[in-house]
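The annotation active site, proton donor is assigned in TrEMBL to Asp82. Residues or ranges marked as Zn(2+) 1 binding site in TrEMBL: His83, His179, His207. Annotated Zn(2+) 2 binding site per TrEMBL: Asp104, Glu134, in sequence order. The dihydroxyacetone phosphate binding site annotation in TrEMBL covers Gly180, Gly208, Gly209, Thr210, Asn229, Val230, Ser231, Thr232.
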Amino acid sequence: MGVVPLKEIVDRAQRDRYGVAAINIVNDLTLESVLAAAVERRSPIIVQTSVKTVKSIGSDVLMAMWRAMTAGIEVPVCLHLDHCPERAVITECLDKGWNSVLFDASTMPVEENLRQTIEVVAEARAHGAHVEGEIEAIKGVEDDVGSDEESRRQSLEVSVHFVETSGVDVFAPSIGNAHGVYSAEPHLDGQRVTDIVAATGVPIALHGGTGMTDEQFTDLIARGCAKVNVSTALKVTYMQSNLAFLRETEERGKWDPPSLFRHVSADVTAMAAGYVDRFGSAGRAW
Ligand code: 13P
């Protein structure tokens with residue numbers, strides 16, 4: 001199938017009530033490993049980059065990696081810019097060919113957020129790209145974006161008005177979820193997802209996937225969460241896998257970088273495949 005628009009992936013997922021993993025990659029190895037999981041499981045997948053990753057690697061290099069690694073790929077994939085408060089970075093990524101962006105204006109008053117999101121949607125449409133919107137910050141700082149304070153949830157009326165007026169393709173409400181590692185099992189407001197989906201039909205992005213239970217995933221996906229974001233789990237898997245292999249390498253005294261890459265890549269692929277299985281998207285490639 002190859003690279004497809006975000007909307008194609010999330011609309012099908014929401015219609016058939018499965019979730020598609022949206023995994024933040026941090027470099028070439030993690031990109032390759034996440035794509036390998038999608039191919040192995042015959043699943044659609046959404047690859048995400050944070051603004052920090054875009055700035056550290058550069059949009060040209062990231063896009064060249066993406067194009068090279070997805071050429072001829074047989075499962076539906078798309079490239080998404082995660083939480084981006086900076087309009088210039090949104091424009092840069094859309095110009096370079098990202099399939100979708102999350103314009104994160106959640107620190108702005110809702111009216112100003114709405115005004116700017118309408119502009120971002122128009123800009124994305126000119127590129128055939130899609131937009132995720134949010135009006136409340138998801139708790140937790142991730143790659144330098146966000147806050148540890150939980151923001152006030154807006155009413156259903158305000159949320160529905162934002163979705164309908166802005167024209168966003170995916171909406172990310174705050175439901176008690178958070179980025180990073182949960183210190184205790186989160187209490188998630190599934191009813192809010194049900195209410196927003198019933199009123200708007202828009203697919204929901206579930207943020208803060210790392211640390212949620214299988215029951216929570218199953219329940220929220222059934223309510224209409226079609227895009228399930230995972231970032232911290234990849235970072236932890238990537239670094240712990242490197243650490244374990246390097247400790248062993250030090251003991252054995254045999255320093256062979258390609259063996260390290262193979263080891264870490266296998267662990268990252270297994271982690272991503274695990275989420276694909278848990279979200280019910282294995283075998284859903286078209
Ligand atoms: P985690 O880091 O908790 O997995 O959350 C990822 C996320 O929501 C990215 O936007």
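Glycine residues also receive a Cβ, built from the backbone N, Cα and C atoms like all the rest.
Note that the coordinates shown come from a computational prediction; the quantities given were computed from them, not determined experimentally.
Checking each of the binding-site residues Asp104, Glu134, Gly180, Asn229 against His207 (Zn(2+) 1 binding site) by C-alpha distance, the shortest gap belongs to Asn229. With a cut-off of under 6 Å between the Cβ and any atom of ligand 1, the binding-site residues Asp104, Glu134, His179 reduce to His179. Asp104 (Zn(2+) 2 binding site) sits 8 Å from the residue listed as 'active site, proton donor', counting Cα to Cα. Checking the recorded positions (Asp82, His83, His179) against Gly208 (dihydroxyacetone phosphate binding site) with a 10 Å Cα-Cα cut-off leaves His179. Looking only at the binding-site residues His83, Glu134, His179, the one with its C-alpha closest to Thr210 (dihydroxyacetone phosphate binding site) is His179. In the three-state DSSP classification, Asn229 (dihydroxyacetone phosphate binding site) falls within a strand. With respect to their backbone Cα atoms, Asn229 (dihydroxyacetone phosphate binding site) and His179 (Zn(2+) 1 binding site) stand 9 Å from each other. Put simply, Asp82 (active site, proton donor) is 10 Å from Ser231 (dihydroxyacetone phosphate binding site) when counted between their Cα atoms. A gap of 14 Å separates the Cα atoms of Gly180 (dihydroxyacetone phosphate binding site) and His83 (Zn(2+) 1 binding site). Within 8 A of the CB centroid of the Zn(2+) 1 site residues His83, His179, His207, the other residues of that chain are Asp82, Ile138, Gly140, Glu142, Val145, Gly146, Ala172, Gly208, Asn229, Ser231. It is 17 Å from the Cα atom of Val230 (dihydroxyacetone phosphate binding site) to that of Glu134 (Zn(2+) 2 binding site). Neighbour list (His179 (Zn(2+) 1 binding site), Cβ cut-off 8 Å, at least 6 residues apart, same chain): Ile138, Lys139, Gly140, Val141, Glu142, Gly146, His207, Gly208, Ser231, Thr232. Most Cβ neighbours within 10 Å, among the binding-site residues Thr210, Asn229, Ser231: Asn229 holds that distinction in the structure as shown.
Long-range neighbours of Glu134 (Zn(2+) 2 binding site) (same chain, six or more residues apart, CB within less than 8 Å of its CB): Leu102, Asp104, Ala105, Ser106, Phe171, Ala172, Pro173, Ser174.
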